[in-house]
Amino acid sequence: MNLSDAINAVNRVKDIINSHNTWRRKETINLIPSENVMSPLAEYFYINDMMGRYAEGTIGNRYYQGVKYVDEIEAYLVDLMSKLFHASYVDVRPISGTVANMAVYLTLAKGGKIAAVPRQCGGHISHDEVGAPGAFGIKVIHLPCDEENFSINVDSAVKVIREEKPQLVILGASLYLFPHPVKELAQVAHENGAYLMHDSAHVLGLIAGGQFPNSLNEGADLMTSSTHKTFPGPQGGVIFTNNESIFKNIQRAVFPQLTSNYHLHRYASTAITAIEMMTFGESYAYQVRLNAKKLAEELSKYGIPVVAEARGFTETHQVVFDASKFGGGAKVAQLLEDGGIIVNKNMLPWDRSAVRPSGIRMGVQEMTRVGMGTQEMAEIAAFMKAILIDGKEPSSVKGEVKEFKAHYTEVKYGFKLSDVGIKCDCLPLNY
């Protein structure tokens, strides 16, 4: 490639990224429940020399030289996460929540059986036989759902655990409106020789802020998570436990069985986010729950069928509605995107096809982090009503959405660069 073509190619990359940054950061209402934004300070520390380095092994026991500061930042991050989530043992090396789950499977259930929430009831694909369990030859037994209440049928689940005797019971979900019965099922799991793992990916920030139960305090043997949803850090994974023997085996699963590089550059940003959650997490998590309730109530008021009304709609960051009467989840998700509102289609308990789901799943954690409160949730609901109930063309609503979003371009509940004396206009996102 000659220099002129190379510069054109670089400019194409630049244009694509700049367009994406402007669109998602400044022009759209982002309601994907599995996403969030880092603070400017966390973003600043995300770019560092560790992005090109290796540190196989564990703290103080590496297979590479030149890792003294890697050991220091990893140890500090482990200490922060241990204190924040009241866990004796923490592994921050998994590069995603799914890899964290895989490490648990390899340690406790390889070639055996696990019991988990089915996908149509909110279970994550990494808990399903079509995902990671199937790759390890693990049979997945489904925990029966309480479809009306968007929860687990405890009595039926107890029966399944006693009859099937899985090595591992998994709670937590991708569609997650209410706490799962950790205490009840942990006791039954232990009585039948099983461990219980709670996948806290969607609610980790709510746990940090005291707005959702910490499953380790309710009898769970392990807690896994990603680090970029309601916990608003960089993408990554983490495993928590208070069981030393399990932890040692987990460490061997993370390395050498599943990873050799842990994407070390994310450690600093994750540490900054942990400090932010220690400082602002309580008020952030509280506002997230208030906002989710308000959005659900406003949508329901307009005749949009938000699920779980009898239970108060939600106790997390998520809001879910049945989009069947509007043409289904895929159609509605596209209509809303055309209007500048980003959501995702999702299976509901009565669905049989992941390709044609009837549900829409939303989360308010990102919009809360840019300073939106309950009044803004009411305005978002009104935009959605205009498209879905009033039948307005999404393109006619898009401009209003863009103007509305222009007032919310600064991250709250976190640190600015100036808070720690850094003077820099070098961040590309300006959010």
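Cβ atoms here come from the backbone N, Cα and C positions, even for glycine.
Here is what Swiss-Prot says about this protein:
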type: BINDING; residues: GLY123, HIS124, ILE125; note: (6S)-5,6,7,8-tetrahydrofolate binding site
type: SITE; residues: HIS228; note: site 'Plays an important role in substrate specificity'
type: MOD_RES; residues: LYS229; note: N6-(pyridoxal phosphate)lysine
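All features noted in Swiss-Prot, drawn onto the structure.
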| residue | record | Cβ contacts under 8 Å, 6 or more apart |
| --- | --- | --- |
| GLY123 | (6S)-5,6,7,8-tetrahydrofolate binding site | ALA116, VAL117, HIS142, ALA173, SER174 |
| HIS124 | (6S)-5,6,7,8-tetrahydrofolate binding site | GLY131, GLY172, ALA173, SER174, ASP199, ALA201 |
| ILE125 | (6S)-5,6,7,8-tetrahydrofolate binding site | ARG119, GLY131, SER174 |
| HIS228 | site 'Plays an important role in substrate specificity' | SER34, GLU35, ASN36, PRO234, GLN235, GLY236 |
| LYS229 | N6-(pyridoxal phosphate)lysine | PRO33, SER34, GLU35, ASN36, ALA201, HIS202, LEU204, GLY205, GLY363, GLN365 |
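Those residues of the chain, other than GLY123, HIS124, ILE125, with a C-beta within 8 angstroms of the mean position of the (6S)-5,6,7,8-tetrahydrofolate site C-beta atoms are ALA116, VAL117, ARG119, GLY122, SER126, HIS127, ASP128, GLY131, ALA173, SER174.
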